[in-house]
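K.L.:
For reference, TrEMBL lists these features for the protein:
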- A:163-457: domain 'NADH:quinone oxidoreductase/Mrp antiporter transmembrane' (DOMAIN)
- A:23-46: transmembrane segment (TRANSMEM)
- A:53-75: transmembrane segment (TRANSMEM)
- A:146-163: transmembrane segment (TRANSMEM)
- A:169-187: transmembrane segment (TRANSMEM)
- A:199-223: transmembrane segment (TRANSMEM)
- A:243-268: transmembrane segment (TRANSMEM)
- A:280-301: transmembrane segment (TRANSMEM)
- A:313-332: transmembrane segment (TRANSMEM)
- A:366-387: transmembrane segment (TRANSMEM)
- A:408-428: transmembrane segment (TRANSMEM)
- A:448-472: transmembrane segment (TRANSMEM)
- A:484-505: transmembrane segment (TRANSMEM)
Amino acid sequence: MVAAGLAAAPSGGEKFPAPHIEYGMLAPMLIVFGVAVAGVLVEAFVSRRSRYYVQVPLTAVGLVAAFAWTIGLAARDKPFHAAAMGAIGVDGPTLFVQGTVLVLALVSLLLIAERQQTSFAAQASALPGSEAEQETTAAGTTQTEVFPLMLFAVGGMLMFPASNDLLTMFAALEIMSLPLYLLCGLARRRRLLSQEAAVKYFLLGAFSSAFFLYGTALLYGYAGSVRLSDIADQLSKDAGSETLMLAGVGLLSVGLLFKIGAVPFHMWKPDVYQGAPTPITGLMASCTLVAAFGALMRVYYVGFETLKWDWRPFMWGVAILTMVAGAVIAITQTDLKRLLAYSSVAHAGFLLTGMVAVTRDGLAGALFYLVAYGFTTVGAFAVITMVRDAGGEAAHLSRWAGLGRRSPLVAGIFAFFLLAFAGIPLTSGFTGKFAVFKAAVEGHATPLVVVGVLSSAVAAFFYVRVIVVMFFSEPEADGPTVVAGPATAAAVALGVTATVVLGVLPQPMLDLAGHAATQMFVR
Amino acid sequence: MSPGHYLALSAILFTIGGLGVLVRRNAIVVFMCVELMLNACNLAFVSFSRMHGNLDGQIIAFFVMVVAAAEVVVGLAIIMTIFRTRRSSSVDDANLLKY
């Protein structure tokens, strides 16, 4: 029988159709991946001294080109397509998320490329404290592989929210995460902490992606396909094994919630944010969260939309836990990077409030929130890279005592970012929170909003505590100094501008987010 | 044997891997347990592929193998780096980041 099958094959009983790929619609991703590969070639062929000067413009051009193409796609009449045989969805929300990721990656690039206070090891393979390390540091080399690695991660982030089937999504998840695991371990100072962060992030990240994959396997068993639309069809038919379906949805959710850092899957976030080089923390806190949230919404809105009465109570619980735990644990933190990590956990909870509404307003609110939070958080981490003492960044809260007297401008800017995190009016944080809470109330999730407002009040306490430490305590004699490199200063300026503009004049961006959300994710 | 048996085996392997990640101390062994979980996923994909009579599951298994191989490269590099610094690959020794 096998022989007969083989004999019949060449005669063309069943032709294998060539896949149809819309290169134009995939171009943003292809540009970023292409430039990343070119960056690897630069590492191989350009002399060590001039690599930095080739890599930085190359990376910037790649990101700008991808962003311009994304704008071009979004400006067309109907940007709603499923490209590459339905594997990649190109639609309003996805393009919005991709554009946000690209802009925030450009701002993070400013931090990563900063030369005056470089955050990356001269040679990551040299042992901390060894002669080899001293030699490479004295030679003034830097690990320029950072730039291609960052581009690969950004490419994965573009693909993650666009994936219309779970296999593509798994591949995107790994493309996004693997370079980030490496980047976490490349800090120039406190290298033990950095390496520890890399190991923790890697082991936990791999663990969570195994859950994601087993969930995918069970959903494949349930629906016979990993395409989100096929899973949705099978769900609306109410056929197949419910056990497989529920277990699959649960395991898949573990993987996705890990990536956004929702409680109880948040344990990696403080450790990784604290240990990683601060520019990479900025990249993770903004771009990764945006991309992962886009992917989470796509899976739930497209794949499990018919199941929303089942997953909404579950998401309620996760959102409440995330908001409360993030805000309460942050109170006891004494390290600023760790404090911002817990604040990021709490913000993931606020975003989930907008997501459980499952309405266009909820989607638009969450999209706006992502832009607002992304800019503020990159700016805040940029300020942290500027406050330094002999041992590098002085991230411990006690070292920031009296910073307001020594450098009022920097302390004032940081205080402004903290107020934006807290959601004070006239900052982007207020508009974002208002948008998601309003959508949640309209989506009959009022208790969630009450919890959200209460935990915002708790969160405001520790933000204000930092401000009090900065402005109302005596500066130490050997306190840290502010070192502002030009690129970092530019990143801070962009962060401040976005936070002010989105707070005072939010309407254009709200309109843009609303326009992007007019049609939900393409199936 | 029916494909159902293979599914049961895959669930058992996944559980062993998950438990291993939680209880083992050596970073390499923890990582091997994650790989065991990924292979359990592959077995599930292939069994479901057989049950549904389509080839998607088998193709997915190839993708997963490629991704797992890439993950090994990155993972071993990271574990090697911290081992050279600390002279230990126990995940309990990496305890500087807390509170």
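If you go along the chain as it appears here, the first residue is 1 and each next one adds 1.
Every residue, even glycine, has its Cβ placed from backbone N, Cα and C.
I'd like to know what surrounds each of these features in this structure.
P.N.:
Tertiary neighbourhood of the transmembrane segment (A:23-46): same-chain residues 54-55, 58-59, 61-63, 65-67, 69-70, 73, 81, 83-84, 88, 90, 98, 102, 144-145, 147-148, 151-152, 154-155, 158-159, 162, selected by CB-CB distance under 8 Å and a gap of 6+ residues from either end.
Remote same-chain partners of the transmembrane segment (A:169-187), defined as residues 6 or more beyond its termini with a Cβ less than 8 Å from a stretch Cβ, comprise 119-121, 124, 143, 146, 149-150, 152-153, 155-157, 159-160, 162-163, 193-195, 197-199, 201-202, 205, 209, 212-213, 216, 255, 259, 272, 275-277, 280, 283-284, 288, 291, 295, 299.
Among residues of the same chain six or more beyond the transmembrane segment (A:313-332), those with a C-beta under 8 A of the stretch's C-beta atoms are 253, 257, 262-264, 266, 300, 339, 342-350, 352-353, 355-356, 445, 447-448, 451-452, 455-456, 458-459, 461-462.
Note on the transmembrane segment (A:484-505): residues 107-108, 110-111, 113-117, 368, 371-372, 375-376, 378-380, 382-383, 385-386, 410, 413, 416-417, 420, 425-432 of its chain, located 6 or more positions outside it, place their CB under 8 angstroms from a CB of the stretch.
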K.L.:
Mind checking which residues reach the transmembrane segment (A:146-163)? Cβ under 8 Å, same chain, six or more beyond either end.
P.N.:
28-29, 32-33, 35-37, 39-40, 42-43, 55-56, 58-59, 62-63, 66, 87-90, 93-94, 97-98, 101-102, 105, 108-109, 112-113, 120, 169, 171-180, 182-183, 186, 283, 287-288, 290-295, 297-298
K.L.:
For the transmembrane segment (A:243-268), could you work out the same-chain residues 6 or more beyond its ends whose Cβ comes under 8 Å from its Cβ atoms?
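P.N.:
Cβ under 8 Å, 6 or more out: 166, 173, 177, 200-201, 204-205, 208-209, 211-219, 221-222, 235, 288-289, 292-293, 295-296, 299, 304, 307, 310-311, 314, 318-319, 321-322, 325-326, 344-345, 348-349, 351-352.
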K.L.:
Residues sitting near the transmembrane segment (A:53-75): Cβ under 8 Å, six or more positions beyond its termini, same chain?
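P.N.:
Hits for the transmembrane segment (A:53-75): 24-25, 27-29, 31-32, 34-36, 38-39, 42, 46, 90, 92, 95-96, 98-99, 102-103, 105-106, 109, 113, 144, 147-148, 150-151, 154, 158, 516.
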K.L.:
When you scan the chain for residues with a C-beta under 8 Å from the transmembrane segment (A:408-428), skipping those not six or more beyond its ends, what do you find?
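P.N.:
Sequence-remote neighbours of the transmembrane segment (A:408-428) are 343, 347, 371-373, 375-377, 379-380, 383, 386-387, 400, 456, 459-460, 463-464, 466-467, 470-471, 482, 484, 492, 495-496, 498-504, 506.
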